[in-house]
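Taken from TrEMBL, the feature domain 'G-protein coupled receptors family 1 profile' covers 41-287. Annotation source TrEMBL lists transmembrane segment at 25-47, 59-78, 98-120, 141-158, 205-227, 239-260, 272-289.
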Amino acid sequence: MDKFNSSTVSEFVLLGLSSSQDLQLFFFVFFSVLYVVIVLGNLLIIITVTSDNSLHSPMYFLLGNLSFVDICQASFATPKMIADFLSEHKTISFSGCIAQIFFIHLFTGGEMVLLVSMAYDRYVAICKPLHYVVVMSRRTCTFLVTVSWAVGLVHTLSQLSFTVNLPFCGPNVVDSYFCDLPRVTKLACLDSYTIEILIVVNSGILSLSTFSLLAVSYIIIFVTVWFKSSAAMAKAFSTLAAHITVVILFFGPCIFIYVWPFTTYPVDKLLAIFYTIFTPILNPIIYTLRNRDIKVAMRKIMTYYLRPKKISEIP
């Protein structure tokens, strides 16, 4: 904490999504509804996966963990952003800003590895179905989830190591709705070019390596089923279509913002909304609407809890 107190900047000013007062109330209602849907939708998936015995499989175990990460990812900045729509002075403390940087890279880094784990699960299920039960054991799934959190933690600590020691002695206006690392780094009172390169290399290695692993896994799956039959190809594409959609929507904005050299664009705020808000809300929609097992399990749970109780069942 001594490093934090040595800075002359005690808080940052967040400009938010728009300076128009007419849009503030609309944004407040719109993002409040989105946030409630994100939390309830992903929470419903977690409850469904954990309570239905037919979904106690590796694929749904990883899906439940993805929903948990999505709730965390949507919660690190969205509640404050919603509250700021009703406030004239949108400020955040220095320690709060560092905390946002910590959590965004923890959750996004972990989700990247978790998406790779889900792609590996589909690879084993489609390409090596006879070995699926042995390869994707409970121990293996737990290991994959643990690795995803460990990679996210190492990634965010390495990013913070470049940031917390920077001197912030003057400018404190962040043109975003949260403490976005590229924009915060540019406020440092020194030539931060070298730091920016290190941050880009760090994010670039993680983003491009995980995205490459995902692309390779999809290619192997499609090549494998291509030689089987057109029906197998259609089934594989149907299974992976939801996963590919989530990957494109998640990795696209991340790569654009964090892999290229630190040149900020107005569209960066819109892209940040994609991986912090829209992707967490699309995951439950995509995975539930295209998954028959999830829909059947949800219907059973809702029927059980919402059906009228008989007189004999009431104590």
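Each residue's number is its place along the chain shown, starting with 1.
Even glycines carry a Cβ here, placed using N, Cα and C.
Within its own chain, the transmembrane segment (141-158) is flanked in space by residues 58, 61-62, 65, 101-114, 117, 120, 202-203, 206, which lie at least six positions past its ends and keep a Cβ under 8 Å from the stretch. Mean pLDDT for the domain 'G-protein coupled receptors family 1 profile' (41-287) in the predicted structure: 84.
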